[in-house]
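Undergrad: Next up is a structure, given as structure tokens.
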Amino acid sequence: MKLLVVTILAGLAVCHGATKEEIVATEYLQNINKELAKHTNVETEVSWAYASNITDENERLRNEISAENAKFLKEVAKDIQKFNWRTYGSADVRRQFKSLSKTGYSALPAEDYAELLEVLSAMESNFAKVRVCDYKNSAKCDLSLDPEIEEIITKSRDPEELKYYWTQFYDKAGTPTRSNFEKYVELNTKSAKLNNFTDGAEVWLDEYEDATFEDQLEAIFEDIKPLYDQVHGYVRYRLNKFYGDEVVSKTGPLPMHLLGNMWAQQWSSIADIVSPFPEKPLVDVSDEMVAQGYTPLKMFQMGDDFFQSMGLKKLPQEFWDKSILEKPDDGRDLVCHASAWDFYLTDDVRIKQCTRVTQDQFFTVHHEMGHIQYFLQYQHQPFVYRTGANPGFHEAVGDVLSLSVSTPKHLERVGLLKNYVSDNEARINQLFLTALDKIVFLPFAFTMDKYRWALFRGQADKSEWNCAFWKLREEYSGIEPPVVRTEKDFDAPAKYHVSADVEYLRYLVSFIIQFQFYKSACITAGEYVPNQTEYPLDNCDIYGSKEAGKLFENMLSLGASKPWPDALEAFNGERTMTGKAIAEYFEPLRVWLEAVAVESLCHQRYKNVDL
């Protein structure tokens, strides 16, 4: 590679015009994109090996290859400084060079880079290896987050049992990482400055190519917050009725251990005790899936069928040969958190997921397969463009399908929902169930990165890092931990993405724009006609719509070759992200909640208001 770079750069000496230099630069890009794909493929392979089997040897190999790639990226950064790329006439060439100029953590000195890899590995390994003792059998101490603890948090209605598992998990998943996390923040900041950014927050926000993006999100969140407050208030009202005043206050934040999720990020698991019309059966096809003999493999085959029905790409054989679709039973430690992987070769795409046969996991399968479809659609692009238009786009694609898959119409289509009676009460129940996932998630997602931005920006004193985290959670989500937390604890890294250095804003963006995508796809498919009750947005199924599939193809095939507003425009003609489609989708629920809040004196805000 070095000889190739030198040869190409030598051509600059004989190029006397900008046009000739740009031709040479274009040739350089063609070659360096191929080299980057090769290097990244090797690094991804060892990362896959480590995430699939956490051993000291796999960690050593991953860190070794990552360090080698960091050196390579530094060489690339030096090479591109020799090109006057900012003056070139081709917007595409300038965009590729700009992308290459961002070296990320590779900008760190070798010793710092090695230390960063060590602390990140330590945090990720700590998270993956958490085991707790059984609440009812202290001699049994092999319960892992996925699936044992998550199933208990989802299904138990015993406040003391839930408090026990919450405390045990947070004490082990978060608190031990504090010193490593402090070093991580330090090195993250150093890397940002070496890349000519002020801090790590600016690095993450730069991916969205808009200096006002943070302000835009704040504005959208404020527009959506009244609906969140309504949902929050109603859930608290119902939980208070179920558990009583001693467990759930009528006026304070919600105890997060009662919300059916370890991080209180989505609350659909407690729908059985908070649904507006409990006499109406909730849409949950988990038991039916088991009765029909569903397997993880069948769930993925059905996801593949959905994409193909829209005229999109079929999963390649490599996917089926190399993916991990169930938790291995050989006792190994692995990262069970569902993830999709691109290996930067033709058709080498994989998913690693400890899949269980449940409705929720069925939707997760479609989410992860959205990433895979994106990988396949842009794999013809140069390496630097083989990513989403922005990080949120990548997360949104599969969620659009999940919105469709979760409708009664689609579940009836595939034979999983039987004897379903559709009326207004059933519709409100279904919308409320969706809100417990989609609306509840928004403030959670925002705080995951607002917290880390504050640390990167130095806005929170190190001696108050844990308190700062819980202040944000209460301010934005109106929740609180089940036990008092102090600076002896450190709880943010108890979320996988925080321990693993994964930017979380992508999920907030995804949960906003997926409704824009969904609305446009539904209109195109003839499944949604605004202001016509026969074709409501919340029961739209885009399965089989080649026309909707073409919208996805138009956008996904661009990869990151265009700014995200261009990609959005290719899908639906819009260039801005808004919360209007969310409001449209949930309007019937908003009207119902507004009425019931008055009738039952169910307040919306979680502070200083009485029922």
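Positions of Cβ are set from backbone N, Cα and C atoms, glycine also.
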Undergrad: Pick out which of CYS336, CYS467 Swiss-Prot lists as the disulfide partner of CYS354.
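TA: Partner cysteine, according to Swiss-Prot: CYS336.
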Undergrad: Just choose from CYS15, CYS133 the cysteine that Swiss-Prot connects to CYS141 via a disulfide.
TA: CYS133
Undergrad: What three-state secondary structure does DSSP assign to ASN53 (N-linked glycosylation site)?
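TA: Looking at the DSSP assignment, ASN53 (N-linked glycosylation site) belongs to neither helix nor strand, so coil.
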Undergrad: Using all protein chains in view, find how many other C-beta atoms are within 10 Å of the C-beta of ASN196 (N-linked glycosylation site).
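TA: So the number of other Cβ atoms within 10 Å of ASN196 (N-linked glycosylation site) is 11.
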Undergrad: Distance check, please: Cα of ASN531 (N-linked glycosylation site) against Cα of CYS354 (disulfide bond), rounded to an integer number of angstrom.
TA: 42
Undergrad: Which is it, of CYS133, CYS141, CYS522: the one of these disulfide-bonded residues whose Cβ has the most other Cβ atoms within 10 Å?
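TA: The residue with the densest Cβ neighbourhood is CYS522.
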Undergrad: Here are some disulfide-bonded residues: CYS336, CYS354, CYS540. Which one has the most Cβ atoms within 10 Å of its Cβ?
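TA: The largest 10 Å Cβ neighbour count belongs to CYS540.
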Undergrad: Calculate the distance in Å between the alpha carbons (Cα) of HIS497 (active site, proton donor) and CYS540 (disulfide bond), and round it to a whole number.
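TA: About 32 Å separate the Cα atoms of these two residues.
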Undergrad: Cα-Cα separation of CYS354 (disulfide bond) and GLU368 (active site, proton acceptor), in Å?
TA: 12
Undergrad: Three states by DSSP: which one describes CYS540 (disulfide bond)?
TA: coil
